[in-house]
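*Asks:* I have a structure I would like to understand better, so I am pasting it below and will then ask my questions one at a time.
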Amino acid sequence: MMMMMMRSTCNLTLMLCICALVVASMAAEGPRDFKVGDEFGWRVPLQNDSAVYSHWASSNRFHIGDSLSFVYDKDSVMEVDKWGFYHCNGSDPITAFDNGNSTFDLDRPGLFYFISGSNQHCTSGQRLIVEVMHIHQHHDHDASMPPSMSPLSNSASPYASASASSAASSLPTACLLIPLFLTIASFRFISY
C-alpha cells in the first residue's frame, strides 16, 4: 500500500514539474515578429471595419526587441509622431517605406504611431498605434478601450504599475515552487 502511494505521488510530482517548466518557458519567450493585421495585412480597412488595426493591436502584447512586418501592395507605411497620427499627416515622417514589405524594430518602450502614406487611406482607418511594454511591465487596459486608443495621460499611480509588474514577474517562480513544495510534503506524508 505504501509503495503504491509513493509511486502515485512521484507521478503527480513529475507531472506538476513538467507543467511548471512549460509555463516557465512560455514566460521566457524571446523577441517576436508580428505581421500587422495578420491575414488582413496592411491595407485600407473595409468601410464598416475602420477599427481593424485597433483590434489587432489590442489582441497582441509588444515588447522591446519585437518587430512589426507590414505587407502591402501599392501603398506605403510611415512611422509618425502623435500629431501626425491624429491628423493623418505624413509630411515629416520618422521613417517611411513603400517597398511592399517593411519591417520596423520596436527598440524602446512606449507608443509607436504608424499611418499609410496616402491621406485618404489613413482617414479611412489605415493607421495603427502600438504600445511597447517596459521590461516586466504588466499593463491592464480598460476592456472597452484597446491599447491603441487608450488615454495617453500618465496619471496612474507608479505604485500600482510597480505592484502589477512584480506580481506578473513572480508567476514563473511560483509555478516552479509549487512542485517543490508538493514533493517535500509528499515525502513528509510517506515518512509517517
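Placement of Cβ uses the backbone N, Cα and C atoms for every residue, glycine included.
Owing to the predicted nature of the structure, the values given are computational and were not obtained by experimental measurement.
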*Asks:* If you pull up Swiss-Prot, which of CYS19, CYS122 shows a disulphide to CYS88?
*Replies:* CYS122
*Asks:* Rank the glycosylation sites ASN48, ASN89 by the number of other Cβ atoms within 10 Å of each Cβ and report the first-ranked residue.
*Replies:* ASN89
*Asks:* Look up ASN101 (N-linked glycosylation site) in the DSSP assignment and reduce it to helix, strand or coil.
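*Replies:* Assignment for ASN101 (N-linked glycosylation site) reads strand.
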*Asks:* Measure from the CA atom of CYS122 (disulfide bond) to the CA atom of ASN89 (N-linked glycosylation site) and give the result in Å, rounded to a whole number.
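*Replies:* Distance between the two Cα atoms comes out at 9 Å.
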*Asks:* For the disulfide-bonded residues CYS88, CYS122, which Cβ has the most other Cβ atoms within 10 Å, all shown protein chains included?
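*Replies:* The residue with the densest Cβ neighbourhood is CYS122.
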